């Protein structure tokens, strides 16, 4: 078991902007990520990290958000619709009626996860669930100020977490106003954070993954293991767990200088066995790792942008493998597979954004989404 070493409460008191901030005392209008008014004094500069690494870290978060925003307006549209009406750029309206550049649940949950890691300076599953709950209940980290597009498995897990919180507060004589800010290590370890039903194998954890591998990239074994653990609190299936471990390892490898041939090698798992703790991947995940996504025909060859985690992993890797070193091409190809358009592109964007770096992402998209840049990358 990897350790929990710090207190969420200690850090959130020092940086209150990491918590829910509202425009009114009645707490009816939450501040959106672009309304925080964060200045340089509010965060620690990444002066101790190589500038190329910083660019890749920013690219990974921004890549996720851009992919998410690209697919948002056509989410749930089938491939047949997108053959006739292909997505070519960021658009507004559509499924959720969003403005150009606004993101959905994929990015909101990734921001929740990122801020938990920053606030705790550690991996604390309980604090992550608290922030997911804030998103669900108050619209924390939502681009619109409201929770929308929440997946069924995620919703079920958050509701289960709330039930457990209430029972835990009763059993340990903790006031409900304080239950979100547990700081006692023994209490944190006593709380059962595995809130998912068994057999939940959707892509709802893979879509938010990237803060974990970029936060722990200097420690690959921990980064890979925590990538898996970040999944099981809301998605309990072994396939989803191992999909996150594998994808997390790819992102870590990017930050350690891996080139594209190494990342897409059919022996990537074998070459990084130590990172995986010498533990095998689920057979279906291993099939993907062995190159099942390398299908030149894409959709015609069976690649699908579905919510099932194996489909999602395969589709994102296909987009990366076939993007001809163009983030724009890969992201659009991911979206135009259809169905879970935003999530497929968001998963692609995590890896591709890290690989290409923020400075090499399309400037036409970075200009549109510039209002979110501070909350996403700083």
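Each Cβ is built from the backbone N, Cα and C atoms, and glycine gets one as well.
Lifted from TrEMBL, the feature list:
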- 104, 105, 106, 340, 342, 343: Mg(2+) binding site (BINDING)
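Positions of TrEMBL features highlighted on the structure.
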residue	record	Cβ within 10 Å
104	Mg(2+) binding site	27
105	Mg(2+) binding site	28
106	Mg(2+) binding site	31
340	Mg(2+) binding site	27
342	Mg(2+) binding site	29
343	Mg(2+) binding site	32
104, 105, 106, 340, 342, 343 excluded, remaining Cβ within 8 Å of their centroid (Mg(2+)): 68, 71, 72, 75, 149, 207, 341, 346
